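Have a look at the structure below before the remarks.
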Amino acid sequence: MAITGNGSLATLLFLFVIPAALHKGAAQYPVQSQNLVTDNVEVMEGDVAVISCRVKNNDDSVIQLLNPNRQTIYFRDVRPLKDARFQLVNFSDNELRVSLSNVSLSDEGRYVCQLYTDPPQEAYADITVLIPPGNPIIESREGQVIEGNETEMTCTAMGSKPAATIRWMKGDKELQGISKVEETYDHMFTVTSQLRFIVTKEDDGVPVVCIVDHPAVKDFQALTYLVVHYKPEVKIIVEFPDGLPREGQNMELSCQAKGKPHPQQINWVKVDDDLPSHALITGPDLYIENLNKTYNGTYRCFAANSVGESYDDYILYVYDAPTTTPIPTTATTTIPTTTISLPEATADTTPSAEPAAHDSRAGEGAPRAVDHAVIGGVVAVVVFAMLCLLIILGRYFARHKGTYFTHEAKGADDAADADTAIINAEGGHNNSDEKKEYYI
């Protein structure tokens, strides 16, 4: 039997990739044609593919392998094609197995298995070469983002086959980007994904991850961290006094400000007025000596950085100096004493809402707590006094409670009217000594 150069004799070709434990990225898909069985193959560039053909119920027919250009690679166990990358692995009546090493993109295509019967039979195996993308690259429109602004990031995966897909993660949250695929002259693909979102100060330091998915690689990703600038957050803290600010005491207010970048300027002012002459500013702290009521007002702390400026207010209300008069212990003296102390919180012309704002901003509930305690004490004393009075009256009326009868009532049952009853009464009006009342 003669062998022709154009590969007209029937052969059977079967291609497969070395198992995944030895050659990653390979996949097999069974294809059947009468007595032929072969596989489609996916193999990474540079790996080894193993070509194997199986024949069912072979009757000693000749097996031949053809490449995508219809050139004979193997005729039975002979290799006419001068490509040393093809090597015979096994030959028998039921199988022809050939290996292809160092697979490249040019090896991709449809290979033909031929079984020389009458008529000849063919089976086809498509080899797909996988080329992983290069390292993904993340680029940001700006290195530092201001809170509340929109940022844009771009992730690029170049030189892959087939085209890769790109996903985005911000922290533990997945975000949706917009992808664009471009095919290069050498049939490779470049994928670019754009991501846009509004940043907040909570995003500062949060990782943003670009994840590239491709059949040839796993967990391929690039990472960057957000740098968010935001204006200062300002809060005034009362260092002392601990309780109510009273005349003659000293006060220190501390201005706590944080932001990114860190605030470089911190200033103290008094709204609609000048700071007291005794006020001393040391860094973020305001120190006031010998408080008096002329210092009442709103004190404001400003903090600024390159992003912006913020402030916080403290409303100062100076109370009278504490008196040295002993607190009475009896109920009768406690009521007026407490009543006199109540106007202290409302004696000044300052609206009652301002001390409330001062207390809440300064973190002090003492002024309102003391007023409530005094009012509660007054109410308790009044209620106690009223209860005592009710008990005394009850006992008094209980002793004099009862019914009584007079002689004037005698004969009233038989009389036609009141005058007759009086005339018929025993003794009449002449005996006044007998008109006595008896208490039971």
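The backbone N, Cα and C atoms fix where each Cβ goes, glycine too.
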Have a look at 105-124, 125-144, 165-184, 345-364 and point to the one annotated region 'Disordered' in TrEMBL.
345-364
In the domain 'Ig-like' (232-317), how many residues does DSSP put in helix, strand and coil?
3 helix, 50 strand, 33 coil
Going by DSSP assignments with H, G and I as helix and E and B as strand, what are the residue counts for the domain 'Ig-like' (132-224)?
3 helix, 59 strand, 31 coil
